[in-house]
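Notes follow the structure.
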């Protein structure tokens, strides 16, 4: 755990909660991810206070970070957000996913309560979160977690994902059989089979992410034809983790499609910001200011441009909210 002074915490709090009223959103994001790295009770308290904000994008990210911190003290606020039916469905979805990330069996009752929620995104997330909690506490899950702790192999992806990869790829070690066209086609079949539980389809999704070849990217991109906004948003999130330039064309199509769900377009924008190739920047700038773009898309492009600039800079880390110039500089 990183130790910071009370004065430094106050700076982070003022930035994240925009106490001055003029902190740009992308700098609030940097403060958020700095707090996430602290993994302290104070960090959780400050992040939790942010749910009073009016930005659905920011609140969605608050819930994500609380889940990634994997601290059970965040369970009450996440449960409250999930149960608030006046909250944006994208925020409620992320609260449910965060409950799954923390993976306490005590969360199953509240998640079960919303399996029949009127919002498809919420009920599908609750379904996946319950399955993940049960898997984490299964023999396979416990064995996988203990192996990953004991193993000298470091996974390329450090995030807590909503589902583990399919069993053969749990170790994180990829062999030639995993990357074969026949295996990728098999995983694509599972990914696209709407008769399978979403958790099973997600496992195929994260297996394809771990393989990461152009063929695996193509298989993942086929998921954008699904009718579930949640499913498509996760495909875009995975592309943001992969950072494969091969995914740029499909992500641009998603961002530019006004008929696509806001949450899918938002995730595509942030993935493009992380990939940070020259051709994506004009598109992000365009959609950040377009009057016909939904607010969450415009805000995501603003954050994505900051990510693009970070990836193309010499800055040591993105979560640099304790840099005074990052926290307090007014928007130009």
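A Cβ is built for glycine as well, from the same backbone N, Cα and C atoms used for every other residue.
TrEMBL labels come from automatic prediction, so no person has curated them.
The following features are taken from TrEMBL:
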- 60, 61, 93, 94: Fe cation 1 binding site (BINDING)
- 233, 234, 266, 267: Fe cation 2 binding site (BINDING)
- 144-158: compositional bias 'Polar residues' (COMPBIAS)
- 138-162: region 'Disordered' (REGION)
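Distribution of TrEMBL features across the structure.
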residue : record                   : CB count, 10 Å
60      : Fe cation 1 binding site : 24
61      : Fe cation 1 binding site : 24
93      : Fe cation 1 binding site : 29
94      : Fe cation 1 binding site : 28
233     : Fe cation 2 binding site : 23
234     : Fe cation 2 binding site : 28
266     : Fe cation 2 binding site : 28
267     : Fe cation 2 binding site : 28
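For the pair residue 234 (Fe cation 2 binding site) and residue 94 (Fe cation 1 binding site), the Cα-Cα distance reads 11 Å.
When the Cα atoms are compared, residue 60 (Fe cation 1 binding site) and residue 266 (Fe cation 2 binding site) turn out to be 11 Å apart. Take the mean position of the Cβ atoms of 60, 61, 93, 94, the recorded Fe cation 1 site; other residues of that chain with a Cβ within 8 Å of it are 56, 57, 59, 62, 63, 64, 90, 91, 95, 97. Taking CA atoms as the reference points, residue 266 (Fe cation 2 binding site) and residue 94 (Fe cation 1 binding site) are 14 Å apart. In this structure the alpha carbons, written CA, of residue 93 (Fe cation 1 binding site) and residue 267 (Fe cation 2 binding site) are 14 Å apart. Comparing residue 267 (Fe cation 2 binding site) with residue 61 (Fe cation 1 binding site), their Cα atoms are 11 Å apart once rounded.
Other than 233, 234, 266, 267, the residues of this chain whose Cβ falls within 8 Å of the Cβ centroid of the Fe cation 2 site are, in sequence order, 229, 232, 235, 236, 237, 263, 264, 268.
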